[in-house]
Amino acid sequence: LLEGIVLVAINPYEQLPIYEQDVIYAYSGQNMGDMDPHIFAVAEEAYKQMARDEKNQSIIVSGESGAGKTVSAKYAMRFFATVGGSASETNIEAKVLASSPIMEAIGNAKTTRNDNSSRFGKYIQIGFDKRYHIIGANMRTYLLEKSRVVFQAEDERNYHIFYQLCASASLPEFKDLGLSKYFYLPA
């Protein structure tokens, strides 16, 4: 039997003080329902159940393009880094997302709703030791939207990487790649 908590979050498209360090500490150790609904409440519940039941936990972040899925995942990771060891020492959020610019270039495109829309799913696995301190993380991608390579709707763009490569085609280090042959993309 699967059961869980559902949180509906709205992307405000700006930084709000509801994600600061003091808010993490306010939700840490609290029971679900004792505080207002928040991504930190969901993260705390998963963390508590992992520690209590010694079972893996999952948080699924889903939504439409531009809904704030990546930002919500970052806030959950920030929560785990803070309660699962020193955030300044662990810095798991920065380490896990260090590959993000490369991933975004390869897997993000312009849609009618979002100029930098992720066209793939991300699975982030965070490892904890026996004291429930973060010891590492792994990020995998899946479901890359292959149709975008050959077709884009009006006012949309292909993956950023194609435009970046074509714009760099004249650089000496890219000369042997034959990028100038791809005339269907603006250089």
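Glycine too: its Cβ is placed from the backbone N, Cα and C atoms.
No curator has checked TrEMBL annotations; they are predicted automatically.
As annotated by TrEMBL, ATP binding site applies to Gly63, Glu64, Ser65, Gly66, Ala67, Gly68, Lys69, Thr70. What TrEMBL records for 1-187 is domain 'Myosin motor'.
Considering other CB atoms within 10 Å as the measure, the emptiest surroundings among the binding-site residues Ser65, Thr70 are those of Ser65. The binding-site residues in question are Glu64, Gly66, Ala67, Gly68, Lys69, and the one with the fewest Cβ neighbours inside 10 Å is Glu64. Mean pLDDT for the domain 'Myosin motor' (1-187) in the predicted structure: 82.
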